[in-house]
Amino acid sequence: MIFEKLRICSMPQFVRFIHDLVPLKEDPDVMVTDLLYGTIPVKLYQPKVSSSTPRVGIVFYHGGGAVMGSLRTHHTICSHLSKKSDSVVLAVGYRKLPQHKFPVALRDCIAATTHFLKSLNMYGVDPDRVVVCGDSVGGGMATAICQRFLGSPDLPKIRAQILIYASLQVLDFQLPSYQQNKNVPMASRDFAFYCLCTLLDIKPSWKSTIMKGAHLPAEFWEKYRKWLGAENIPERFKKRAYQPMPSEPLNESAYLETSLALDSVNSPLIAEDEVVAQLPETCIVSCEYDVLRDDSLLYKKRLEDLGVPVTWHHMEDGFHGVLSTLDMGYLHFPCSTRILDAMVQFLKGL
């Protein structure tokens, strides 16, 4: 933040620079290829052992709030995923904030996914077993793309989606998990709000108004309570430091500036029933100490209510971003291994 105030470079640029200094670990059993899909950098992970049948294909969108994260920060995750699930993994290096606002990152991911789906034979991927996967904002992109591709009959159908502590709505910052975990490191409520403002070009001065729910009209809260309301969250998740907060009267100016948050691309949790009901089998991982925990719980309920098969894993000792501690030595958390194992088990069942 000091560098940002001195106008040397932005906070996200500095953090990405530090993250990318960490050397990549090579796995002798996985072949990694750096490619360009047009101008979009991607990494392709393929098990070196030969296979007599086409493999599962995974398109992976990394997390980081569209501010941080990169192909390098998620290299270990993708490498382990490819090896342990015997899958072909394509990681997408989409452009990020603050230089590239909405919807640049999403467009990059859509373009890369389309290119991959049209090239499955080249990579030895089974067209009936293509999975989209992501963590944090990448999980939100995964399901937004899954929803969007429902109307693409010319492309192979997405077989499943894996959503790891995904960001699925940017509307309600007073859900139990936002209150309970507002000061938890890695993804505090303030950082989530910073990402929202940077992504949708919202003035940070609206923070108090948005936190109180005064940026959306009463009819919105009435319409979407059936999907967003805290009553849809199991009681055991509301016992720790949660106080229901009624929304305040609408601030018209704030509503006009934040209206992009209502787009289902940014809040896939509120996509219409006819869209959500068509989604494929889903694996959801949530973490207890995470502001985004309730996004997963609410989406799980929506999917199940509409008949979509859901495999859910909740990490009682997990926090946002914990999967990235794989192979971090003393900074490794056992929870990260359990998440990876859950993903692998789900993939092997497809």
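A Cβ is built for glycine as well, from the same backbone N, Cα and C atoms used for every other residue.
What TrEMBL says about a protein is an automatic prediction, not a curated fact.
These features come from TrEMBL:
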DOMAIN    58-189  domain 'Alpha/beta hydrolase fold-3'
ACT_SITE  SER136  active site
DOMAIN    253-323  domain 'Alpha/beta hydrolase fold-3'
ACT_SITE  ASP290  active site
ACT_SITE  HIS320  active site
**Fill in**
Averaged over the domain 'Alpha/beta hydrolase fold-3' (253-323), the pLDDT of the predicted model comes to 96
**Asked** How do the residues of the domain 'Alpha/beta hydrolase fold-3' (58-189) split into helix, strand and coil according to DSSP?
**Response** 50 helix, 25 strand, 57 coil
**Message:** Taking 10 A as the limit, how many CB atoms besides its own sit near the CB of HIS320 (active site)?
**Reply:** 28
